[in-house]
Amino acid sequence: MNRTLRIAVAGTVALGTLYALLVAILWVPEIQVNLPQQVALNLEQSGIAHPITAVLLNFRSYDTLLEIAVLLVAVVTGLALRERDALTASTEQARDPMLHALTRRLLPLLLITSVYILWSGSYAPGGAFQAGALVAAAGVIARLAGYDIASRADVLLRLGLALGFILFLTVAVSAMLGGRPFLNYPEGWAGSLIFLIEAVLTFSIGLTLISLFVHAPGDSSPRGGADDD
Amino acid sequence: MTIDLWYAAVGAVIVALSVFAFLTSKHLMKKLLAFNIMGSGVFLIMVGLPQHQHGVDPVPQALVLTGIVVAVSATALALVLLRRYVRAGGNPAP
Amino acid sequence: MTALLPVFVLATSLITAVLIFILPERYYRLRVSLNLAAAVLKIVLVAVMIAGIANQVDYEFRYELLPGIDLVLRADALSMLFAGLSSVLWLFTTLYAIGYLEGAPNRSRFFGFFSLCVASTMGIALAGNLFTFLIFFELLTLSTYPLVVHRGTEESLRAGRTYLKYTLGGGAVLLVGVALMYGLVDQTGTMTEFAETGTLSALPSEQHFTLAVIFFVLIAGLGVKAALVPLHGWLPVAMVAPAPVSALLHAVAVVKAGAFGIVRVIYNIYGVEFAWQLGVLLPLAILASITIIWGSLRALQQVEMKKRLAYSTVSQVSYIALGACLFGPIGTIGGIVHLLHQGIMKVTLFFCAGNYAETLGIHKIKDLDGVGRRMPLTSIAFTLGAFGMIGVPPLAGFISKWYLGIGALDAGMGWVIGVLILSSMLNAGYFLPIVYRLWFKPKQGPWPDEHIKAARFETHGLLLWPTVATAVFSLAAGLFAAHAWSPLSWASLIAFREYLP
Amino acid sequence: MTPILLIIPLAFAILTLLLPRHWVRAIIIPGLVLQVGAAVLLCMEIYQHGPQDYALGDWQAPLGISLIADGFSVTLLALTALIAALCAIYAQYFLTRYPREQRYFWPLFWFLLAALNGIWLAGDLFNLYVGLELLGLSAVGMVALTAEKTTLKAALDYLYAALFGSLAYLAGVALLYGAYGTLSIAQLSDMAAANPTTQVALALMTVGLLLKTAIFPLHYWLPPAHGGALAPVSALLSALVVKASFYILALLWLDVGALAVTVTAAQAMGALGAGAIFWGSWQAFQTRQIKMLVAYSTVAQLGYLMLLFPLAIGVSEAAAQLAWQGTILHLLAHAFAKAAMFLAVGTLVLALGHGRINDFGGVSQRNPVALFAFGLSAVSLMGLPPSGGFNAKWLLLQSAIASGQWHWFVVMIIGGLLTAAYVFRVFRVSFLQSAKHEIQDTHPALQLSALALALMAIALGFVSELPLSLMNLTDIAPATMGGTP
Amino acid sequence: MIAFDILLGLGLILAASGVFLSTHLFRSVVLFVVFGLLLAITWTRLQAPDLALAEAAIGAGLTGVLFLDTLGTLRKAKQKRRSKKEPRP
């Protein structure tokens, strides 16, 4: 398409979007259902003091289950697109003493922070995703410093990636074995089960994000993992 | 105008900008950046609009948290594809 | 049991088709036996049903396809006429095809679609309502296309494309007509059932205009297959197909499906009386007359045997439509009986053309000089068929033309006599020279391409005997027209029931 | 009972990800059997006891998320299970040539199924968003599997379209939540009124979903993605994946936003559908590659689905009912036929070693079953009887007559002829006697699974009553699911 | 505090425009990270500390790193293509 025409079309579409969104936002009708109130009322029953974690892992845990599946799909595709004969890692980076030293001090700090964030998720802001992201950040930094982590795609790596999902699904299904609905937590166990799930999820999410980074095709993959089982 | 509504409106502007950028930019990376920023704009609307009416609402906040994770997965996948495509000799800015 | 008999009739060729498709190419004998067994079985079943119909047994099978729309297979007198014709000619055509295609590639595919084609024809014959008719009408298009392009040459593929353009277009038009019929007229789902004398006359007069429009849409859809001018263009082109296919297309399946559909619409949907009142019959009669003359004129110009026969078909099939338009029992008889007579005569002619081509490599009329001595039986059969077409008494064609003429006088359409006479003269004009060449001209040089040497018979037995048999039939249909089981008596039965109330 | 249909694919996704290769091969068939069995059981349950509302985690909507199993969704569940089963059987034999791709095909396959089932059952708008993302990403992953330059580009374009589409959808969800404070579809369909916010939300979601459904003129990403992927992947994508976003679209227009949509908008949607039919058919007629032909055919056939909107909105109840029934049948028939067609074409390409239509001569001798499967599915696509496609077209035509919308009537008739025009290109060439290349034999399972699907498309013409009577089961209980017309 | 909110909102818009208008991809990515950090502050203004945390860690942090890393790959691929004029086999 002609460039000016393209800009004209895009501009029209964008302006239309802007106008429509602003109209929709400024003339929004009065809300009828008060969902925050319902959350507050049921918070105690959910076994989690922090409302957002309660929504994520109890009220709307189904969304979260599928969301973990999305992460898994992304990483599975990432693994599928690894290059077998990728170039070896740029070794200069690994020899950089500054980076190495920095990494050694930074890594424990990041990991401890992530544990704290995970822990605080049950009563204050924080939770598995943020903690997992920190774990991933730690992993990425370690990777940049030349540590060889998660570069092998053997069954252990896949297990690690899927562990959080497996646990989540198992807990969800076991509810059905006890005659309760799918994704229901047994009475009184909700808090601890959710914490357990979150802890494992943190690990899996961290590993997933690291893998997506490490196995991305390009110069950063040290060597393609073998596909042997 | 509450600050929630203000940020929702900012979200609307950001969405419109990103739509423009998504349609005009040629580079696949740029498009991906536009996608991420557009996501942020949508998230602002998602949180700002209901909070404007009934105060802090944990539900959309939880939804946005989900949305952020989905967005990062999608971005990571797109980047993997992009890298592989470029290494296969493809042009990232067709 | 009486409900399932129509299904069995259909199934004999449908199952045969499936089995033949599955059967690998090399199982020649098994395929032949399967084919023949199915053909004979079908004739038996049809005969049982014909006997039943004569004794007022009701054969009906009903299955709800969509809410309020049924697939109906029902045997009535008219359907048995067509079914009987198809089943008998199927047997002969199969025999002929076995001989014709001996040693040719892709026979499994050919006979598979051949059976499928007969199944569709049977479905058309037995369809109990417009919807069912449409289903099998479209199925017929699909199953004949592979036969038309069977040879796989560029020429046949081109012909196939033309064939598809016409027939799929016609199918779409018919679909429009049928859909309109169901959507605008027939909310109850009963008026589109094929019933004697039709049911539409009960409708209020405001709907009459709609009905007339739908009538012409339906006729336009059917007219493509019935090769009404100007929708006949596919027929001469489709001549590239193997001879048994041409015989099938022209004598039994495709053109007859169209003509039969026209008869069904006039008699069993609208009712001939109501159609006459609507004033839609006269235009159709004029169109049919134009087709009759035009087809004959074009046939006169052709130098190729099969092309000449093709245009002759264009002309002859319209006799059926013409007969259906003549209001009155005699005209009806003429049209309906011609459905049968034209089938038998035309299949004979195509068999003969195929024999000349296969045995001596003769495709052009000018090469036929003196063939009568080399291939006497075939040439006698051809002569019988040709004389029948011209309408020489006491052959089958004469019966049709006689009834058509009387019927026209009855209906007060005297001009039709003129059309008939002109057409007969033209028929004579394009058939007699061939007959003359066959018998009275001396042989000029060697045959163009002699495949089959004269041995015990003039040609391969499987090519010869079906030809002779159909020729005998066309002679008998005329000679014994007064017999209780002749086509004429059966057509009279149908006409009698149509005009009874 | 209902969540079983989510648990099975999710569990098998994990199993196929973790288990060693020979185990993966061994568990595919049991998994498929379980899936089909569960879908059929659910169908029977719904048929006997009526639609069900399943509150996940025992939290009632709107606080929690509910799964809604009504006639429409269980029909689609059964369809998904059936088509997926046959595609999987095909894939087992097809992928023996692709050992590396095979490793990751199965987890993605099962995740794709989970996403589809999740979407059919979803009773919550945001949950639909997550389902759409799961569907989109696993579909993109499957397209990209072969990692060739062209498929990677196709996957990238597909991914971008999917992401942009779901964001547009999410923006609509955000507005609806801002306006009504709930995400439950059942609640929203009771509450949603004709105000600007709702209409803007619907418009945004519609654009997003049109992009994801590849409706003309937003179809640009579909042909390369569907035409470039491995045959079983193309089959799944064309038969099922694009239908998911259409399903949501139909849900939004006829249920959630039924009061907010206008007749003009519905006619505009129909115009897009007509554009899709004409443009897609024309492109299919032009292309040289057989897989592209089938892919463009999908573009065209999706256009018929769009005719639902003008035929069902702003017309009499009877006409709307006919339109609705016709659309369902078309969706089912196209799913079967198109899956069969992609599988058949995949087999032919495998046998010939190329996909150039003009060099297809002689293929009818060596792979008659695959060609026959192609033919049968083509019959359904052309809307010729007897087939599911014909019944669908018939109902849609009747609906157009009943509401007097002759322009759509004409579009459908011409569309059928156009389909015939491009489909017969393939037959024409396949009847050519001379084979220009050596033609290999293919595994019978490949040909037979294609044939089975094609036969289903034909058989649907005889058992249309079944899905239609299931379809009528929509009202769960008073005041939950708004009556779909 | 209203002034701050207005400034922050405008900052977000500016950062976003910057990302789109910049001709250098590297600058775009840096501005994208800036945008993410501004957004994290915005979330605290909307009383959503969870989102602030997530945005800082995932949205800005991780996504930014992924983008930067990809940028490196793209650059190398470009150099490679330039150095070897003939197409890869």
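Backbone N, Cα and C atoms are what each Cβ position is placed from, and that goes for glycine too.
Residues D:259-281 are the range that TrEMBL records as transmembrane segment, among D:29-51, D:259-281.
When Cβ-Cβ distances under 8 Å to the transmembrane segment (D:406-424) are tallied for each of D:128-147, D:159-180, D:229-253, D:369-386, the top count falls to D:369-386.
Note: the stretches the transmembrane segment (D:200-222) and the transmembrane segment (D:335-357) are not in contact (fewer than 3 CB pairs below 8 A, sequence gap of 6 or more). Counting same-chain residues at least six beyond the ends of the transmembrane segment (D:259-281), those with a Cβ under 8 angstroms from any Cβ of the stretch are 192-195, 198-199, 202, 206, 210, 215-217, 219, 253, 296-307, 309-314, 408, 411, 414-415, 418-419, 421-422. Among the recorded stretches D:72-92, D:104-122, D:445-463, the one sharing the largest number of Cβ pairs closer than 8 Å with the transmembrane segment (D:335-357) is D:445-463. Under 8 Å from some Cβ of the transmembrane segment (D:445-463) lie the Cβ atoms of residues 82-83, 86-87, 89-90, 92-94, 329, 332-333, 336-337, 339-341, 343-344, 346-347, 350, 367, 369-370, 372-377, 379-380, 385-391, all in the same chain and six or more residues away from its ends. Here the transmembrane segment (D:104-122) has long-range neighbours at 2, 5-6, 9-10, 12-14, 16-17, 24, 28, 31, 35, 65, 67-69, 73-74, 76-77, 80, 84, 88, 91, 95, 98, 128, 130-132, 134-135, 138-139, 141-142, 145, 185, 230, 233, 236, 240-241, 244, 247-248, meaning same-chain residues at least 6 beyond its ends whose C-beta is under 8 angstroms from one of its own.
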